[in-house]
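Lifted from Swiss-Prot, the feature list:
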REGION    135-160  region 'Disordered'
REGION    162-212  region 'Hydrophobic repeat HR-A/B'
MOTIF     230-235  motif 'Nuclear localization signal'
MOTIF     246-253  motif 'Nuclear export signal'
MOTIF     270-279  motif 'AHA1'
Amino acid sequence: MDYSTVKQEEVEVVVLDGEEEAAAAAAPVPLPAAMGVGAAVAPFLVKTFEMVEDPATDAVVSWGGAARNSFVVWDPHAFAAGLLPLHFKHANFSSFLRQLNTYGFRKVSADRWEFANEDFLGGQRHLLANIRRRRRGAGTGSTTPRAVNCGGGGGEGEVERLRRDKEALARELARLRRQQQEARAQLLDMERRVRGTERRQEQCTEFLARALRSPDVLDNIARRHAAAVERKKRRMLAAAADDDGLTFEALALAAAADTSHSTGGAVTTDMIWYELLGEEQAEIDIEVDQLVASASAAADTASEAEPWEEMGEEEVQELVQQIDCLASPSS
């Protein structure tokens, strides 16, 4: 009896895009006899399994966890530049991803390149024969459950991640817009203050220029100030102690009415001076109070130097009448 030895050769087909992918489906690679007679698997699956199973490439691609039911491409650049050219005739990572999708692999993590297939398990090479390639143009009804789930979980996770990123960017944009509005409001307020300061400086400059051209203005102001001090001293001596007296500004305006015979230019200059002094009225009142207090102290000293006993009865009577006149409302 003659015995013949039949050697089963492995036919290698490199799967690429387009027509070359169809050639891979037409020429599957038979697996070793240990995996079962007649079992065949696509070269793409065999080479992918070998890359993942090789411990020397764990830094680039390896099994995803202790269960070894998924694999992770840790470094896509090194994977495309170093491993793909060794097993395929291309170095295109996108083409590799399309091939995974064709054979029913799904992306199981939105944060890393992790893929899984229920028949692609570590140490179980014989299960590769159960993975079938999806046909182009096949209807939804003829698609296997693995093909339906292909990329489903990963796609939803990617959409959710993009939605969260969009919401975070929208919140950041709203925060930046609020900061811009606040900065713009502060800038407008600062510009308003600067314009007010410049306007006051111009008014002061104009007033000083007019005062130099008409020296009588300063004399009028000095006389009115002295008159205000004198009137306040009289009120204190009369012991009226009321708070409804005229302010310095009112006294100045009254004095301006008394000197209405002056020229029109001088009156205009005086009005500018009153406007400038209006904001410093409190300081002027304090100064007036100090002058009145000094005058009162001097008057007290003089009264102590001249006792009432030395005054005659007629002089005392005349002084009382003067005080009554000053204290009366008609004064």
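Residue numbers in this text run from 1 along the chain shown.
Any Cβ shown, glycine's included, is placed from N, Cα and C.
Here the region 'Hydrophobic repeat HR-A/B' (162-212) has, by DSSP, the following mix of helix, strand and coil residues: 51 helix, 0 strand, 0 coil.
Counting residues of the motif 'Nuclear localization signal' (230-235) by DSSP class, helix then strand then coil, yields 6 helix, 0 strand, 0 coil.
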